[in-house]
Every structure is written in C-alpha cells, then in structure tokens.
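Novice: A single structure is presented below for examination.
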Amino acid sequence: MTQDVRRSKLEFNKLQKRLRRNVGKAIADYNMIEDGDKVMVCLSGGKDSYAMLDILMGLQKAAPIKFDIVAVNMDQKQPGFPEHILPEYLDSLGIEYHIVERDTYSVVKSVIPEGKTTCGLCSRLRRGTLYGFAERIGATKIALGHHRDDIVETLFLNMFYGGRLKAMPPKLLADDKRNIIIRPLAYCVEADLEEFAKQKAFPIIPCNLCGSQENLQRQAIKQMLQGWEKQFPGRIETIFSSLQRVSASQLADTELYDFVGLTIDRSAEPKDYGEQSAINVFPPLDDSFAGNSLKGEQDPVKLIEAVNLG
C-alpha cells in the first residue's frame, strides 16, 4: 500500500467516524430513534439520503437498542428516470425496501407554469404520499436527509422571503400528529456528505423533474452563507447553534411569550445584574433627589470623567 493510498484511507476513516458521531449525537440529543422503532428511510437517489441510509445501517449494528430500517423511494414518473438504479443498489445491501409509484410529474407540470420553480409543489405531493405510506407499512419514524446547511439555509429563506423565524427541526411531529419526522443528518456538514458520497461511489440520480432547474432563492442564500463562511470560518455552525439556544423573551412574538401579561414582582431579593462596579464608580445620589426634583442631580461631565478614570 503506497503512502498516498494509506493517507487517503486514513482521511476517509476520519470522515466516516465524524459523520457517524454527528448522526449518533443528533439521534441521542433529540431521542430520534427508540427501541423497537421501524424507521422509514426516504431515499431520493441523492448524496444526502444515500449517506443517511449508509450511516444508519452502520449505527444499527452497533446501537444498544434494536430498530428496523426500511428504505423507501418514490418514483414520480419523470421521463427518463433510471428505474433500475435504486432497486439494484438496495438489493446489493440486502435490506427491505419499497418503490412507491406516483405520477406527480404530470400533476406538477400541469399546474406550474413553464420556467417556474416546481420544488414547492413537488415536495408537498411527495410528502403527502410518503406520510400515507409510512402508516401503511407501520413505520414509527420517517427519516429525511436534510443536513445542517439545509437547516440554516431554510432559516434565512423563511426570514428573507416569508417573514418568519422558522427553520427545519431535527425532529418534528406532523400537523395531524400521525407521523414523526426525524433528520439524523442535522449535525452533518454538507461538504462532509459530498466527500463521503464521492468516496463511497453512490449511484447518484440527479433530479431532472424541472430540468435540473435550481431553486434560485435557495441558491442565493447558499452563496451568501458560503461567503460568510469564507470570511468568518465557523459562522454557519454558530448560526446553527443559535437555533438550539432561543430566548423567547428577547424576541417579539406575543404568541411565543406573554409580553402583554408582564407584571412587576419585587417580593423576591433583587437580582445581581453585575452592576456593582457601576455603583462603586458613581457616587450615590443626594437624598434630596426624589420625584421631579433636580437638587441632587449629579454633574454629567464629572460622572463621565469618573467612568473614564475608572
């Protein structure tokens, strides 16, 4: 084995361990998979869902709990879709899988004008079909392949174009409460997944339902974030971390926090806000200062000088 091959193998092992560690941590943090679960892994044929299936299968062998994996792909009847690729790949893995056939292509093409983005309607139709199929096969969790970068991009998409502070949660109870959606790749970086897919040589199937048309808004957000990351390394991770530490009282949503019902309560001991240093710098106000009286007002120039000297 040459030195280059040895180094390449070492780098791949590090990458695989990092991805498995990130997926394992996300699963543990959000209790995504429990003992006895039947996890329906949605496989699109893209790099992310392939990686998700591969990593979950690896974790399944080492996990202290027992859970089943069922791979599901939705054949949307796009012209030229290579129907043989996924069945051949999944047969080689020896796992249970289903190909769900639904002609959403015709529906999307009949509703969306030529040249317009089809992603929104396509995803809604696909989601409805997959939710129903999950119930049919008794799946207790639906695993989707969205990663950390997808989540942050969605946050800014909703802010910039929808006026909502909303992203993609790592774990979600569907509106009708009949399905739980999990995103095991929530802590994974897209660049890692791209390299992993390249090294594993997954048989990638491009989405050509809309002629490989890019979602221009998402691409603009992606470029913006990449620019930030280049200038300020670690920026995307910091933004993602902020989604895990939300202070509802510091925002402005009256449904999320009861601003209207705020009242004063001075029965408890005053909280130390760390202003002892300010108390030491500023001399106490004269006793004559009360109400609208200005007799005890301090000279602002002297106060500023005192602060500067301190």
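Placed from the backbone N, Cα and C atoms, the Cβ positions cover glycine too.
Per Swiss-Prot, the features are:
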type    : residues               : note
BINDING : CYS119, CYS122, CYS210 : [4Fe-4S] cluster binding site
MOTIF   : 44-49                  : motif 'PP-loop motif'
Novice: Taking DSSP as the reference, which of helix, strand or coil describes CYS122 ([4Fe-4S] cluster binding site)?
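Specialist: In three-state terms, CYS122 ([4Fe-4S] cluster binding site) counts as helix.
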Novice: Could you give the number of helix, strand and coil residues in the motif 'PP-loop motif' (44-49) as assigned by DSSP?
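Specialist: Secondary-structure composition of the motif 'PP-loop motif' (44-49): 3 helix, 0 strand, 3 coil.
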Novice: By a Cβ-Cβ criterion of under 8 Å, what residues six or more beyond either terminus of the motif 'PP-loop motif' (44-49) are in contact with it?
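Specialist: Cβ under 8 Å, 6 or more out: 73-74, 85-86, 144-147, 185, 190, 193-194, 196-197, 202-205, 207.
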Novice: Just how many other Cβ atoms lie inside 10 Å of the Cβ on CYS122 ([4Fe-4S] cluster binding site)?
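Specialist: I count 19 other Cβ atoms within 10 Å of it.
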Novice: For the motif 'PP-loop motif' (44-49), what's the mean pLDDT in this predicted model?
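Specialist: Across the motif 'PP-loop motif' (44-49), the average pLDDT comes out at 94.
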